[in-house]
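S.K.: Take this structure, written in structure tokens, and hold onto it; I'll ask about it next.
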Amino acid sequence: MTTTTLAVLVPLLPFLGALAGLLLGRAAPGFVRPLAVLPTLVSLALAATVAWRQGGGQAVDAVTELTPTGSVPIELALYVDGFAALTAVLVTAVAACVQIYSAGYLRDDPRYPSYAALVSLFTSAMLLVVHSGDLMVLLVGWEVMGICSYFLVGHYWETPEARAASLKAFLVTKLGDVPFLIGLFALATDAGSFRITRILGAVENGGIEHPTLVVLLLLAGVAGKSAQFPLHTWLPDAMAGPTPVSALIHAATMVAAGVYFIARLLPLFEASRAAMTVLAVMAAVTMAGSALAALAQDDIKRVLAYSTIGQLGYMTGALAVADRGAAVFHLLSHGAFKALLFLAAGVIIHAAGTNSLAAMSRMGRLRDRAPDAYWTMTVALLALAAIPPFSGFFSKEAVLGAAEHVVTGHNTGHAPAAAGWIVLLAGLVTALLTAAYAMRLWLLAFCGYGAEAPDHGRQPLTMTVVLWVLAVPSLALGGLAFRALPHWFDGHDLTPTLTTSVLGTGAALAGGIITYATWRHTTAHAAARVPLGTVAAHPGGDAGLVETEAVATHEPAYGDIAYAPDPSDPGRLLLGPLHRPAAAGFHLDALYTALLVRPVRAGASLVRFLDREVVETYVRGAGTLPRWLGAAVRRAQTGNLQTYVSALLAGTVVLAVAAVLVATGA
Amino acid sequence: MYLAYPAVLSALLFCTGLYGVLARRNAILVLMSVELMLNAVNLNLVAFDIWLSRTAEESLHSGQALTLFTIAIAAAEIGIGLAIVLAVYRNRGTSDIDKLRDTAEGHEPDGSDSAAGRETSTPRTAGEKTEATA
């Protein structure tokens, strides 16, 4: 088969798997698991073949137009360059791991068939985004991902948290998608095509009239999808979904779509210096704010969610300094280790019976209960904290190195120096904070002492094997790939530079050591070890059930979904007065409630009043006259047949006479 | 042949039937009047068929054929009509059209008067039915 055929099959197979899963889910339960796992695995093999054949050389570019659609043509275009090929491999690999893991994680779930089908559909939508060469086709995948994330985040719809989170995820991403759509139209009108290659050609020739406006509109959609400030608030709440969904959607695919989109259209973004500066500021605020918030979260998955936002901030930061190679490099390594972190967190939640770090820190021997999760999570946390030689170190140093090149003026690109400074400083601060919260997570989860954790039984093999599979790229991807990747990408050097490496690693080590010292200090006081926490004890239940209960009981037990009154938490001492606002995400949700939700609600009640009291009064008034007429006419209905027939006869006679008169012309 | 005689006779028959339908109170007599009107039409059909086919070269006598249809349908109609009148009489104890005003405006289908009438008549109807089957 040609490379083009293979590349078309990559998104098509999971889509067919999803269709078959949805159709056969009830009729043939035995086929659900193979139908979920096999298409994704085959798709992974095909994506790897495509990547191998493409080899970073000439991009595979194929196009067909189904039907003429009027002014700007919409074409089914395929465009696979080095970025697309490698991102597709990442997406299919993570999706395959997630499908295998889910088979064990939700093994007793009655809604598993529809869940697995939606995960497949989600994967195919992301692959469509990755492989598409036409922005309208890309938008189709983009929106399908939105609706799939709505369904998957709301998988436990029995709990109010999941319902609220799914709605919030959908609405917030849609809030970004509306300007995104307008931006796409404006872009296509200027360029005369939705094809990415043509648009980039138009950018080179200066054919885009208002690049800043278009780019800012597109940026809104990217911020919504990739969870960047100020549209990031949906992602921490989306942790109410099942853990494998968090791993798939909120680590490797959906949030990566926004970064990938900018990487595709980077020359367009470079055309506007203002937009690059906005991108840099957005990335910096996202990075630093989310790292602070992650340090205060009590739910283990919310820590990871905020860390995802922060790592996405690194990627947008790399794009803001016009180095998409570094951005996609970080996207790849982050996809691997963040998926591992989420899946390991799922195992830990199952083993501990709680998602609260405060409760875990009062449990002894959790690391013996889930040894696979302990070792793989340690690897992934080291990668997250960018400690050499783990993969996160190389990709993060690539980002910081790109920013340093811009600052020192080595880079001949179009990024403004201000963007370089912003990204570099925020990146270093975030490196410190990232190491701090990674250390805090590790200490609280694995170094607790107290009563032994309740036994939830062995984790299924499908769940633990996947962890080790993902641990390999988390450990070695960066070190092995940083020399080869520039060949696939733009050719920018991705080797870590000495200055940023020393600074970044120093910051990370400092963060880790400070947190460790604080933890020793807070746990030294016996008074600090107040009993705290609830545990969902379901020895026979599957991991999904345990997690549902953990999510549902967190708010009643601790008073808040993200916060626990734990005096021995090192994050509390480190953040000081900032701890409470950081736990609440700096009250951004409250701000949105005051600024947006309340006015909309007030407007809705006003409209309801107008409709019920004003509009309906007119309608009723208009109905009065016909009703009176009807009442008058109804009086003729006496029930006597003979009266009716008499009236009929009289009418007939009148008509006949009239007809005769007309006919005779009288 | 003069067409006037049958035409006048049929007009008289039709008017008599019409008067009966409009003025008689007994449902059976109303049905009989309907029969009169139908037969007036039959007479007209036969008479005009003959009058028209007189000049024509060849005729199918469709008027007379239609008369046969009308007679057959009238027989069926009077059978059903009499059965309905019988059922109404057994149910209500009367076949007076003036008293059968269930479709009048403001009349409730399960009103007190009709419900009471039904209650008193139901045992009788049941008794008659058992009698008939025996």
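Cβ atoms are placed via backbone N, Cα and C, with glycine included.
Note: TrEMBL annotation is automatic and uncurated.
For reference, TrEMBL lists these features for the protein:
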type     : residues  : note
DOMAIN   : A:68-115  : domain 'NADH-Ubiquinone oxidoreductase (complex I) chain 5 N-terminal'
DOMAIN   : A:132-403 : domain 'NADH:quinone oxidoreductase/Mrp antiporter transmembrane'
TRANSMEM : A:6-24    : transmembrane segment
TRANSMEM : A:31-52   : transmembrane segment
TRANSMEM : A:112-130 : transmembrane segment
TRANSMEM : A:136-157 : transmembrane segment
TRANSMEM : A:208-224 : transmembrane segment
TRANSMEM : A:245-263 : transmembrane segment
TRANSMEM : A:275-296 : transmembrane segment
TRANSMEM : A:303-322 : transmembrane segment
TRANSMEM : A:373-395 : transmembrane segment
TRANSMEM : A:415-439 : transmembrane segment
TRANSMEM : A:502-519 : transmembrane segment
TRANSMEM : A:644-663 : transmembrane segment
S.K.: Can you tell me which recorded stretch out of A:6-24, A:31-52, A:245-263, A:415-439, A:644-663 has the most Cβ pairs within less than 8 Å of the transmembrane segment (A:502-519)?
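M.R.: Maximum Cβ contact count belongs to A:415-439.
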S.K.: For a three-state summary based on DSSP, what are the helix, strand and coil counts in the domain 'NADH-Ubiquinone oxidoreductase (complex I) chain 5 N-terminal' (A:68-115)?
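M.R.: Within the domain 'NADH-Ubiquinone oxidoreductase (complex I) chain 5 N-terminal' (A:68-115) the tally stands at 28 helix, 5 strand, 15 coil.
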S.K.: Determine which recorded stretch among A:208-224, A:245-263, A:275-296, A:303-322, A:415-439 has the most C-beta pairs below 8 angstroms with the transmembrane segment (A:136-157).
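M.R.: By the under-8 Å Cβ criterion, the transmembrane segment (A:136-157) pairs most with A:245-263.
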S.K.: Cβ pairs under 8 Å only, please: of the recorded stretches A:208-224, A:245-263, A:275-296, which one is richest in them relative to the transmembrane segment (A:415-439)?
M.R.: A:275-296
S.K.: Are there residues at least six beyond either end of the transmembrane segment (A:245-263) with Cβ under 8 Å to its Cβ atoms? List them, or say none.
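M.R.: For the transmembrane segment (A:245-263), the far contacts come to 83, 87, 90-91, 94-95, 97-98, 101, 119, 122-123, 126, 129-130, 138, 142, 145, 148-149, 152-153, 155, 218, 221-228, 235, 238-239, 269, 279, 301, 304-305, 308, 312, 315-316, 319, 324, 327-328, 331, 334-336, 338-339, 341-343, 346.
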S.K.: Hey, which bits of the same chain come close to the transmembrane segment (A:208-224), Cβ under 8 Å, at least six residues off its ends?
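M.R.: Non-local partners: 142, 172-184, 186-187, 190-191, 202, 230-232, 258-259, 261-262, 265, 268-269, 271-272, 274-275, 278-279, 282, 316.
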S.K.: Give the mean pLDDT for the domain 'NADH-Ubiquinone oxidoreductase (complex I) chain 5 N-terminal' (A:68-115) on the 0 to 100 scale.
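M.R.: It averages 85.
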